[in-house]
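Novice: Provided herewith is a single structure, encoded as structure tokens, for subsequent inquiry.
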């Protein structure tokens, strides 16, 4: 709820705000703190308008009341843990995952892995469909979500300053926060359906970026509706899914059975999602672990096994982790043991999830534990695919060595797909992942839709239209939408970066080449923002880029540093050398 104050506070200011709120909580009571936060909304001291600000407080206030009274640590430690404003030291938070990090002994006994047929996977990340998206309304607003019927005015003359029919990418200097219209999701699915692929990975975040007028039942309705749309567009495809941080109400908060969470259990979400996805997108034999913690494993092809993780249990904005953060629901132990069993069965492995553990979106203890597991089982892990960031990026995992004198080696690559939504980023995107007969990743083709060009064509036909005429034009567009023909293959990962393969060693070598080849890194940086035209003015030098597109003007972005996974020694060493890394 501290986010209602805005997002420009320094670490010192953020710690001070949080600790002041906790002191007020202890002295005056929770209701007093909530009244003060509401006063900030009413006095227009928030980043958001009054209605949105109050809605955000209402979304979290009841669960946060319960959560805060379960804390077992000093307020200073709690504030540092949940806001990241300083180093915490309490033993509850500084937990360690006990795992033997040398390579799993069974791997020395695997001479030949069984062959499967080569196959391809459609990866869809972060649809964030806004069913309230409207054409011809403001794409810059003081709310969580713009381009909706909430920004409509009674009389509208369509102009270039209004939202187009296919979504709106972020614009420099504006708080453009527009999620995806459902027509663009349909367009993406129809485009992808014309390509060759065998399976689908969907890595979560179906729900738009808003709390206003939302409820748990609405979340489940919207996920159900998107599931229906996807099934109709991609019949007879095996689909596998993971849960995003927005796919619950309230969003971000995922308590575990080990916590005394009262009525605020995640069970209702997992049971509701099982009714939607069970026996269809999630195999029957995975029911027990999915209902326990929203994660599961499945055999997707002979010799190839998938692990779908619930990375909301590492997420820094999941404040329930402040109550009990150590290996929520035993997921990490389950993954370690499941990978060992996959090795015994001579299976290769893919891992999917929403939040990439190799970024600072995860708590460091969970990220470090994950690095240990990847290090131990690297010989059978052929791919890790995530979303959440909305950007096109990767991080390299490094081995965790028992001997501090032994140099780390690359053990894995976490690949984050660019999002379908345009929220705070560039053009809608999806990917085709290509695998060889052993389930090894051969190449990645990235497809995008230039919605700016399509929106301009629509504007040329409708400029000056009032609301009635505009709505009629939109209805006609939906009856005869040909946008699926305009999705373009933007690049092949191997061809664009000159990679002989997509192994961890090749990506580690690519990081070194980025530090020396400024033009190659500038291509990566434009791809990072989904090739929206505005990042064309980026400048990169020796692994560092600057742009005013997303970060503050003139801010140095240490790109090659953050390409080492968070939780690895390489990341830690880099951050010590350059200072805090934005990831």
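Heads up, the Cβ atoms here are built off N, Cα and C, so glycines get one too.
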Novice: Looking at TrEMBL, which one out of 350, 354, 363 binds Zn(2+) 2 in the same site as 205, 245, 388?
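Specialist: Looking at 350, 354, 363, the one TrEMBL places in the Zn(2+) 2 site next to 205, 245, 388 is 354.
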Novice: Check TrEMBL for me: it has 126, 128, 205 binding Zn(2+) 1, so pick out which one of 390, 532, 539, 557 it puts in that same site.
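Specialist: Answer per TrEMBL: 390.
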Novice: What subset of the recorded positions 18, 126, 205 lies within 10 angstroms of residue 388 (Zn(2+) 2 binding site), using C-alpha positions?
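Specialist: Near residue 388 (Zn(2+) 2 binding site) by Cα: 126, 205.
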Novice: When the pLDDT values for the domain 'Calcineurin-like phosphoesterase' (121-391) are averaged, what is the result?
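Specialist: Across the residues of the domain 'Calcineurin-like phosphoesterase' (121-391) the model's pLDDT averages 93 on the 0 to 100 scale.
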Novice: How many Å separate the Cα atoms of residue 178 (disulfide bond) and residue 128 (Zn(2+) 1 binding site)?
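Specialist: So the Cα of residue 128 (Zn(2+) 1 binding site) lies 10 Å away from that of residue 178 (disulfide bond).
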Novice: Among the disulfide-bonded residues 15, 79, 141, 146, 545, whose Cβ has the fewest other Cβ atoms within 10 Å?
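Specialist: Least crowded of the disulfide-bonded residues 15, 79, 141, 146, 545, by Cβ count within 10 Å, is 15.
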Novice: Can you tell me which of the binding-site residues 126, 245, 390 is spatially closest to residue 41 (disulfide bond)? Compare CA atoms only.
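Specialist: Considering only the listed binding-site residues, the nearest one is 245.
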Novice: Which one is closest to residue 390 (Zn(2+) 1 binding site) in space, judged by CA to CA distance, out of the recorded positions 15, 79, 141, 146, 354?
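Specialist: Comparing Cα positions, the closest of these recorded positions turns out to be 354.
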Novice: Going by Cα-Cα distance, pick out whichever of the binding-site residues 128, 205, 245, 354 is nearest to residue 18 (disulfide bond).
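Specialist: Of the binding-site residues 128, 205, 245, 354, 245 has its Cα closest to that of residue 18 (disulfide bond).
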